[in-house]
Each structure stands twice: as C-alpha cells, then as structure tokens.
Amino acid sequence: MNYLTLIAAASLLTAGTESKKDGYPVKEGDCAFPCGYDNAYCDKLCKERKADSGYCYWGNILCYCYGLPDKAAIKGYGRCRPGKK
C-alpha cells in the first residue's frame, strides 16, 4: 500500500511539468539558423522560441539552444530542404 501512495504522490508532483531539450532550432525545411559567430543573435533567437539561452556554435556556425520546450522543432539528421514545410 505504501508503494501505491508513493507512486500517486510522484505522479501528482510531475503532472503538468514540461521537459526541456537542447539542439539547433529549425525553420521551414529542417534548416537551422546560421549565425555568423554572433552569440547575441542566437541568444535572442533561442529565447524567442522559449529556450533558456543560446549561442553560436562555432564548429557549424549555427545557433544552438539550451532548454527548448519539448515540443520545439530541432535539427535532425536530414538535409536542409528550403521551400518545404
């Protein structure tokens, strides 16, 4: 019976919470946002998408966000296809 009470309490505490993820935000066609080494631009872009913060990842010269909502679209493994939704 104690296990049932513990599980019920844990379920109530986690109800309504959102998980967060990190990644490259994307626009149409699974295309990431180029940043040209501008950290301020990426931080603003990420916060507009409800992330905690963001920066310009120098290896790819693309914006990378920390703490995006779980429903936010991030870059997958496919190619960028401009013009496709």
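For all residues, glycine too, the Cβ spot is worked out from N, Cα and C.
As annotated by Swiss-Prot, signal peptide applies to 1-19. According to Swiss-Prot, the feature domain 'LCN-type CS-alpha/beta' maps to 21-81, an assignment based on sequence analysis. The disulfide bond annotation in Swiss-Prot covers CYS31-CYS80, CYS35-CYS56, CYS42-CYS63, CYS46-CYS65 and is backed by sequence analysis. Summarising the annotation, Swiss-Prot assigns proline amide to PRO82.
Among the recorded positions CYS31, CYS80, PRO82, no residue is found with its Cα located within 10 Å of the Cα of CYS46 (disulfide bond). The sparsest Cβ neighbourhood within 10 Å, among the listed disulfide-bonded residues (CYS31, CYS35), is found at CYS31. The recorded positions near CYS56 (disulfide bond), taking a 10 angstroms Cα-Cα threshold over the set CYS31, CYS42, CYS63, CYS65, PRO82, are CYS42, CYS63, CYS65. When the CA atoms are compared, the recorded positions lying within 10 A of CYS31 (disulfide bond) are PRO82, out of the candidates CYS42, CYS63, CYS65, PRO82. Its own atom aside, the Cβ of CYS65 (disulfide bond) has 26 Cβ atoms within 10 angstroms in the protein chains shown.
Broken down with DSSP, the domain 'LCN-type CS-alpha/beta' (21-81) shows 13 helix, 23 strand, 25 coil. In terms of local Cβ density within 10 Å, CYS63 ranks first among the recorded positions CYS63, CYS80, PRO82. Cβ neighbour count for CYS46 (disulfide bond): 24 (other Cβ atoms within 10 Å of its Cβ, all protein chains included). Around CYS56 (disulfide bond), a 10 Å sphere centred on its CB holds 21 further CB atoms from the protein chains shown.
CYS42 (disulfide bond) counts 26 other C-beta atoms within 10 Å of its own C-beta, drawing on all protein chains shown.
Of all the recorded positions given, namely CYS42, CYS63, CYS65, CYS80, PRO82, those whose Cα is no farther than the 10 Å limit from the Cα of CYS35 (disulfide bond) are CYS42, CYS63.
According to DSSP, the residue listed as 'proline amide' is assigned to coil rather than to any helix or strand. The recorded positions close to CYS65 (disulfide bond), defined as a CA atom within 10 A of its CA, are CYS42 out of CYS42, CYS80, PRO82.
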